[in-house]
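One structure below.
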Amino acid sequence: MKKDFLKELLEKSEIYPTAEQLEKFAVFQEELREWNQKFNLTAIEEEEEIIIKHFYDSLLGMKITGWQSRSRLLDLGTGAGFPGIPLKIINPDLQVTLVDSLQKRIGFLDHLIQKLQLTGTQAVHGRAEEMGQNKEYREKFDYVVSRAVAKLSVLSEYCLPFVKPGGKFLAYKGPEGLEEYNGAKKAIQELGGNLYEMKDFVLPKQESKRLIIVIQKTAPTPGRFPRRPGIPAKKPLE
Ligand code: SAM
């Protein structure tokens, strides 16, 4: 992998990866390429694109003020591990729970966790709507991150139940995020959240725009949320 390219990009963002961390990204990229030939894990295959749109993009969440590395983080709808695995590689002290409803993705993640020796990291096969009602996971996380899973009103119902009061939910969005936020304000309040901040970014090279919306949990989520599997997407909160 073009380790120097990744290193330079991260250093410009004041993230200083060690040689060991860069090697983990190289192995991650190689495993992604190999497994992608058998299973559809990502549509992005070109090396620089993986570096920018998966690795660098995943780490944008660290630019949010108040980020603590010794925390519990859940990545909802992680797919091939984004943004959770890059965040774990750079912050080895994070306790990370990766969640996805597709078993074959969990198979890849279990393999990767072993291969990269990511301690304090687990991949869980499950749906947000069920896990969010499970005491083992409900209101247990300092951070919940999620990228490319659902529009913000639906995503908030998936994610906010996992966040501890005082913790934060980071929705990784593109420019459409602003309109989504305007349509989700009431739902977010009902779920116990409040806007903490929004930060926009421009990815290098293709210059795609990104918006990270940070919602702080200010009150417990009422027990009726999340609703049954399929309902949040079918009947989004208004
Ligand atoms: N977050 C990754 C990324 O940005 O590359 C993957 C995005 S992929 C488009 C969406 C993922 O969310 C899929 O892997 C899908 O299985 C998962 N997903 C969708 N709805 C879910 C739900 N209700 N609970 C758990 N996972 C879900």
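Heads up, the Cβ atoms here are built off N, Cα and C, so glycines get one too.
Feature annotation from TrEMBL assigns S-adenosyl-L-methionine binding site to Gly77, Phe82, Ala128, Glu129, Arg147. On its own chain, Arg147 (S-adenosyl-L-methionine binding site) has Asp57, Ser58, Gly77, Phe82, Pro83, Tyr172 as residues at least 6 apart in sequence with a Cβ closer than 8 Å to its own Cβ.
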Per DSSP (helix/strand/coil reduction), Glu129 (S-adenosyl-L-methionine binding site) sits in helix
Sequence-distant neighbours of Glu129 (S-adenosyl-L-methionine binding site) in its chain (C-beta under 8 A, six or more apart): Tyr158, Pro226, Arg227, Arg228, Pro229, Gly230, Ile231, Pro232
Go through Gly77, Phe82, Ala128, our binding-site residues, and report the one whose Cβ sees the most other Cβ atoms within 10 Å. Ala128
